[in-house]
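A.B. asks: Annotated carbamoyl phosphate binding site per Swiss-Prot: Arg58, Thr59, Arg108, His136, Gln139, Gly265, Pro266, in sequence order, evidence recorded as sequence analysis. Per Swiss-Prot, the feature L-aspartate binding site maps to Lys86, Arg169, Arg223; the stated evidence is sequence analysis.
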Amino acid sequence: MIGRHKHCIALEDFSREEILEVIDLAVSMKEVLQRPIKKVPSLRGKMVVNLFFEASTRTRSSFETAAKILSADALNWTSSSSSVTKGETLVDTAKNLEAMRPDVLVIRHSAGGAPRLVAEHVGCSVVSAGDGAHEHPSQGLLDCFTLREKLGTLEGKTVAIVGDVSHSRVARSDLHAFPKLGAKVRLCGPPTMMPAGVERLGATVHTDLREAVDGADAVIMLRIQHERIGDPLIPGTREYSKVWGLNAKKAADWLKPSCVILHPGPINRGVELSPEVADGPRSVILDQVQNGVAVRMAILYLLAGGAGEEARA
């Protein structure tokens, strides 16, 4: 359990204390990653099934790595090699996999709400690895962990989220999590890529990039979600990059020296971020990847019923 939750589906559901429970445990899990032998017996005998209906590099590999470091058995499943191609429903697929008695189902799906639907029909814990444009809770948690690690705290800090906010499940999870930890959130991007009503979550909305990043402690750059966009919402990527992309000159002129830059990946280099910025000293993007393993270890440990404090060592 994570606090009162059997599942990890949306950070909208999580309290400040429940978010901190995960990222505090992730500190211990990250220590395991620094060891020469990266293996602990915490989840020995447990099974984690990864169901991915959408392409993924970081998230699927991260959950698989997290499970294996904790000594759980990990089964990776993709829709292209399953009976879904023969017309089997999502719920039937989940029920059949649950019959194999996994402890955790990790699911990524193009439809918002798919993980919650699965959770209503299975008895094991369900973790959302991203559902449509709804949420990506483990990414939101690893962003919280990374920011706290780099900034010391999120209390009183300002985070700018820039790009295609409307179609970003990462942005939604961050929006639900950051204010609970005391951070102020600024959203920036084309008006056509800004969802209505985000102000109710405590964010301020900007269309001017310089204004949005002025004085920010961290900037999270988002890619354009072409796969979720129907009619074009911007004139073109070149024009987008000129206005909302972050290059070395803008970073040097507009960001305060201590500001860090994050990106959930994959990066469209030369569009939202120039290579110089993505690979530069401000970038903590690869830290996010490593922290993602630690955070997902914490999630799996809490949901699968880890074997106690001694098993972490």
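Glycine is no exception: its Cβ is also placed from the backbone N, Cα and C atoms.
Quick one: how deep are these features, and who are their neighbours?
C.D. replies: According to its DSSP assignment, Arg58 (carbamoyl phosphate binding site) is helical.
DSSP classifies Arg169 (L-aspartate binding site) as helix under the three-state reduction.
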A.B. asks: Would you mind sorting out which of Thr59, Arg108, His136, Gln139, Pro266 (the binding-site residues) have a C-alpha within 10 A of the one on Arg169 (L-aspartate binding site)?
C.D. replies: His136, Gln139
A.B. asks: Would you please pick out, from the binding-site residues Arg58, Arg223, the one with the fewest other Cβ atoms within 10 Å of its Cβ?
C.D. replies: Arg58
A.B. asks: Other than Arg58, Thr59, Arg108, His136, Gln139, Gly265, Pro266, which residues of the same chain sit close to carbamoyl phosphate? List them in sequence order, counting a residue when its Cβ is within 8 Å of the Cβ centroid of the site.
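C.D. replies: In sequence order, the nearby non-listed residues are Ser56, Thr57, Ala129, Gly130, Val170, Pro264.
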A.B. asks: Cβ atoms within 10 Å, counted per site: which of Gly265, Pro266 has the most, among these binding-site residues?
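C.D. replies: Per the Cβ count, the most surrounded site is Gly265.
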A.B. asks: Reduce the DSSP letter at Arg223 (L-aspartate binding site) to three states and note it down.
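C.D. replies: In the DSSP reduction, Arg223 (L-aspartate binding site) maps to coil.
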